[in-house]
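What follows is one structure encoded as structure tokens, with my remarks underneath.
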Amino acid sequence: MNMASSMSAGSRAVIGISCIFLVLGLSHGKGTLKHIGEDDWSQLLNGEWMVEFYAPWCPACKALQPIWSEFATWSEDLEIKVGAVDITESPGLSGRFMITALPTIFHVKDGIFRQYKGSRDREQFISFVEEKKWQQLETVSSWKAPDSVQMSVLAQFFRLSMVLRNVHTSLTEEYGVPVWGSYLLFILATVIIGALLGLLFVCCIDVCCAQKSGELPPEITKKDDDAAKKQSGDGKDDDEEKEEAEEEEEEEESAPKEKSSPEARKRRTRKAD
């Protein structure tokens with residue numbers, strides 16, 4: 001009888017402890033992992049986030065995946081949001097955040113980004129957020145901020161590179177084009193597009209220059225008109241002076257001849273009289 005009662009008491013204790021752990025597990029199991037893409041990445045700028053960048057082919061990412069998913073279940077208790085970005089599906093975000101290694105984890109607080117470089121286990125993630133260890137980390141510089149203009153342009157280049165890569169894969173695998181043929185097509189397309197852009201640029205310059213040359217000259221003011229007339233008058237005076245100087249030289253040359261002739265003597269006597 002005593003043995004039965006002791007066993008029943010022990011079973012009730014085990015059941016009670018199990019219920020307690022079950023309740024605790026349910027209390028922190030409400031948070032879910034949020035998958036972030038290029039269309040909704042701007043939600044990271046609001047609130048507090050922990051975000052992982054990964055790729056399906058990355059071994060380290062595969063090892064971190066169950067730990068990160070378990071950490072996401074604590075997100076509501078920690079009053080944060082936990083996200084994940086697949087860079088193979090969102091190549092633009094890998095350029096926007098300058099991802100150079102995988103997996104990469106960022107802590108985000110009201111649009112301010114910090115890169116997490118601690119241990120990759122659930123306890124370290126929880127203590128990092130609870131104890132606000134992220135305040136000790138250096139923030140991402142302004143010129144590398146994901147929401148800056150230059151990083152937005154870089155993200156578009158990354159997206160373009162992925163599109164070109166998909167086109168190359170489609171040409172070689174689906175249409176049977178050799179690799180060198182695919183490269184040749186890309187070279188021709190680059191030359192043609194460059195030529196068209198250069199032609200468009202030249203046309204724009206011609207249009208702008210034509211508009212400037214077609215403008216009417218400004219009206220000549222009265223002062224400018226008087227100055228022009230004065231300059232033209234000075235030019236005429238200079239010409240007259242030159243002609244007079246030439247006539248004087250001719251008279252001087254003919255003067256000795258006139259002195260030696262009798263007519264010149266008669267003229268001198270008449271002048272004397």
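Cβ atoms are placed via backbone N, Cα and C, with glycine included.
All TrEMBL annotations are machine predictions without curation.
Noted in TrEMBL for the protein shown:
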COMPBIAS  220-235  compositional bias 'Basic and acidic residues'
COMPBIAS  236-253  compositional bias 'Acidic residues'
COMPBIAS  254-264  compositional bias 'Basic and acidic residues'
DOMAIN    22-134  domain 'Thioredoxin'
REGION    216-273  region 'Disordered'
SIGNAL    1-29  signal peptide
TRANSMEM  180-205  transmembrane segment
Could you give the number of helix, strand and coil residues in the domain 'Thioredoxin' (22-134) as assigned by DSSP?
47 helix, 26 strand, 40 coil
Give the mean pLDDT for the domain 'Thioredoxin' (22-134) on the 0 to 100 scale.
90
Sequence-distant contacts of the transmembrane segment (180-205), meaning Cβ under 8 Å and at least 6 residues beyond its ends, amount to 164, 168, 171-172
